[in-house]
Amino acid sequence: MCGILGVCLTDSAECASPLLAEGLTVLQHRGQDAAGIVTCGPHGKLYQRKGNGMVSDVFRDETLLMGLLGCMGISHVRYPTAGSSANAEAQPFYVNAPYGISLAHNGNLVNAPTLKRFLDAVEHRHINTDSDSELLLNIFAAALQKTGKSRTNADDLFTACKSIYTQCVGAYACVAMIAGFGIIAFRDPHGIRPLVYGRKKSRTGGYDYAFASESVALNFLGFDEFWDVLPGQAVLVQRKNQDEQKDPIIRQVYPALAYAPDIFEYVYFARPDSVMDGINVHHSRLAMGVSLGKSVVQKLESMGLSRDDVDVVIPVPDTSRNSALKLANEFGWTYSEGFVKNRYIFRTFIMREQSTRIKSVRRKLSPMPSEFANKNVLIVDDSIVRGTTSREIVRMAREAGAAKVYFASAAPPVRYRHIYGIDLADDRELVAFGKSEYEVADIIEADAVIYQSLPNLVEACRSINPNIKEFEDGVFSGKYITEVPKGYFGHLEEVREFNAHQKAIGVEFHAPDDIALYNYRGC
Ligand SMILES: O=P(O)(O)OC[C@H]1O[C@H](OP(=O)(O)OP(=O)(O)O)[C@H](O)[C@@H]1O
Ligand SMILES: NC(=O)CC[C@H](N)C(=O)O
Ligand SMILES: [Mg+2]
């Protein structure tokens, strides 16, 4: 899951890069592999810096931002889905023709092989990486190129945008910057991936605009009014002349299909202080805690036990905290932050290597024996995916002296691949793949596992905004909201094997640490 941002300031004397970098740090939880910023300065000149690493690695000091000139720009944090994690796939991507376009994408296209063939055979476009985002950008650029005009305009941009909707299948929330002209942001026809835009009064009058994957980034940057970009909608913010900005143009470029945001955003990905599609993420997690609590009580009863057989509820920090606290309060259980989190270890689920993930769980979380010794503990996590965290957690709880360890998940069993932006390409990696809850309990060595049901999860989110009738929930149901071309899963496997081979022979990750247009490396 990546994070994207776009900023267009009215005052051409102002610099967008500090906002783009600050905003990325707020979206860091969405991608820890790569970060990048492209800005547009005087005379439409672009400045770029991107590469593998956290935001604080790629933009180590302020001097690296000072070279990114201009009052307009876009930025990205990457959690790779397609392709590899090579530096060359760090975003934003850039094409010089037509008009100089940079693009940042959150999501994943499931018809990437078809698009690649089309761009090669029909449009004669050179694709330099295995990234689906580069394909999406080139589909847009090829459509714009067809206008044959030396300068673009709003209508042409919306028309070119439509060709993305007609050709690309999958999930996409994007910001694209056209040098010297403006930023266009758009979201796939189901609204699978999130995207908001906001405005704030500029110092010189008029409004500054920004786009972001999550509202928390806009709040942080002072963009206090914000709206969702709706499914199939594109929003264009144009710079006209210096110090003059037009109102944004909002256009339904493609008919909205079933509005179905990815439910995994509410379960795990998004920050709790974000609001997505009218759903306050924190509130949705509280509601998940209440319904999970009911399932726990039922499970205890089915085991011939009662509520009193649980001594303490312990969350797995960070994401499950909101649900766990609510669950404990609602059902009268003692709540304890029995695991202390090392704040210098980042999200483990989105790390690339399984061996790193396992090591990181132990480094990240340490149990306080006083909270576990001789107690029956109910550990609450937001989800059990590969089981990496849960198995280690259960072992740590027992090492700390727990008598019984029950494990509750605020999400249903993850049994299917995630194909819209989360790196879950192989269902054999999923601990619940083809397994019952009893088998999962055995594998993670818990005395019992209690899952949230899918209807209850959906209801928890809908209780916050009933207008969202459907969610993309393929990881739980195996039913995906878009068509999935035949052979796509085979393609994913080939890409994975190829990347593993490249890595084994030491080809991957050896690109220089920076691949800038102007090769800006700071001092
Ligand atoms: O079953 P697994 O494959 O281990 O994946 C599930 C775990 O991974 C995530 O935690 P993560 O450490 O990534 O992030 P968090 O600190 O936001 O909870 C998630 O919150 C679960 O704890
Ligand atoms: N997680 C994402 O949104 C990734 C975007 C894009 N598919 C990439 O691999 O870079
Ligand atoms: Mg976690």
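From the backbone N, Cα and C atoms, a Cβ is placed for every residue, glycine too.
The structure displayed is predicted, hence computed values, not measured ones.
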TrEMBL annotation, Mg(2+) site containing ASP381, ASP382 - matching residue among THR166, THR204, THR319, THR482: THR319
Integer Cα-Cα distance in angstrom, ASP382 (Mg(2+) binding site) to CYS2 (active site, nucleophile): 20
Sorted by sequence, non-THR319, ASP381, ASP382 residues with Cβ within 8 Å of centre, Mg(2+): VAL267, TYR268, PRO315, VAL316, ASP318, SER320, SER323, VAL380, SER383, SER409, ALA410, ALA411
Other CB atoms, at most 10 A from the CB of THR319 (Mg(2+) binding site): 23
Filtered recorded positions, from CYS2, THR319, ASP381, ASP382, whose Cβ is under 6 Å from an atom of ligand 2: CYS2
Length of the line joining the Cα atoms of ASP381 (Mg(2+) binding site) and CYS2 (active site, nucleophile), in Å: 22
